[in-house]
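Visitor: Among the features that Swiss-Prot reports, phosphoserine is placed at Ser19. The annotation substrate binding site is assigned in Swiss-Prot to Phe72, Ile73, Ile74, Thr75, His76, Arg144, Thr342 on the grounds of sequence analysis. Marked as heme binding site by Swiss-Prot on the basis of sequence analysis: His328.
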Amino acid sequence: MSGCPFSGNSVGYTLKNLSMEDNEEDGAQTGVNRASKGGLIYGDYLQLEKILNAQELQSEIKGNKIHDEHLFIITHQAYELWFKQILWELDSVREIFQNGHVRDERNMLKVMTRMHRVVVIFKLLVQQFSVLETMTALDFNDFREYLSPASGFQSLQFRLLENKIGVLQSLRVPYNRKHYRDNFEGDYNELLLKSEQEQTLLQLVEAWLERTPGLEPHGFNFWGKFEKNILKGLEEEFLKIQAKKDSEEKEEQMAEFRKQKEVLLCLFDEKRHDYLLSKGERRLSYRALQGALMIYFYREEPRFQVPFQLLTSLMDIDTLMTKWRYNHVCMVHRMLGSKAGTGGSSGYYYLRSTVSDRYKVFVDLFNLSSYLVPRHWIPKMNPIIHKFLYTAEYSDSSYFSSDESD
């Protein structure tokens, strides 16, 4: 049967749909263009004229414009902008600790939120190397001669970041056999010196951990009970292995037991801890380490959930900074091989030496896993008696709302 393909009910249905779409389109155009009435607009608010005109290609100035220099500049400027945001978040967290606001535990969520934001930014910075790696070594070599003596080591913000988090000056790898600050002059040098004299995030977290509820000898006395349980558990473990028939497997288990025993008993040797602290192998005070371990073991308890998340974020930051350094090393090796850096350093070899625990700030938190024990060795708590697990400390004089935070 033939006929008009547009006859029948289908026409009404189609027209109806078109009518509905027209109505939706009309609704989408009912807004008001407030920008036309004057006032602050997008470009002015973001200062885009300054930002988007801040890319001066040295190759172009020298009369030999190289395309990939633009990518090189943009990528490093993006890094510096994100470093600025990280410092902004870090300074706000340090201020919360310094002013004693953490004594009101309601403020810990704000601390945790901002530190998590730093973690997310660092993840972005680690991934950002993949953009720069779209440039080949030959492409980079085309404009490298125009960069000297500029160097990534001269990033003031990254050095400030290291100092404010808590990188030990005594553990820094010398740059061309000089103190790192000697590569900065004037106001930059003074800013770095000031940042060395301020309380670091590590020191502030250390003081906070020392106040962990449950460490009090006349209270729950976690450390005393934990040591007692460890000694009892080790004795039971020894007798269990000793009761087995002589065999190669028994010898292996006994050797492993002795190693575990040495590690666990060293945990209760305060003098040894202080010695390792003086060498830079440990970073937290003895009591702060106790607090961190207590939070680690009781992380599922209501009062310790946010503190545990904070400790996890601190480890994430350390890990991501190490990954950032490593990615930087790999990129430099790929672009320069073993040649000297543009700033005069040994390049790849210098950068490679910075990818180590020397630059890890919260290394003690990573090492907590060394002290994992069977759950029944962990001191038990009675929630009826030990109400501190469910009763947070708060003080109206220490609490501040979002409006008062900055």
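Including glycine, each Cβ sits where the backbone N, Cα and C put it.
In the displayed structure, how are the listed features positioned relative to their neighbours?
Guide: For Phe72 (substrate binding site), applying a Cβ distance below 8 Å and a minimum sequence separation of six or more within one chain yields Leu132, Met135, Phe140, Phe143.
Long-range Cβ contacts of His328 (heme binding site) within its own chain (separation 6+, distance under 8 Å): Phe129, Gly152, Leu351.
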Visitor: I'd like the number of other C-beta atoms within 10 A of the C-beta of Ile74 (substrate binding site), please.
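Guide: Summing over all protein chains shown, Ile74 (substrate binding site) has 14 other Cβ atoms within 10 Å.
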Visitor: If you count CB neighbours within 10 Å, which one among the binding-site residues His76, Arg144 has the smallest count?
Guide: His76
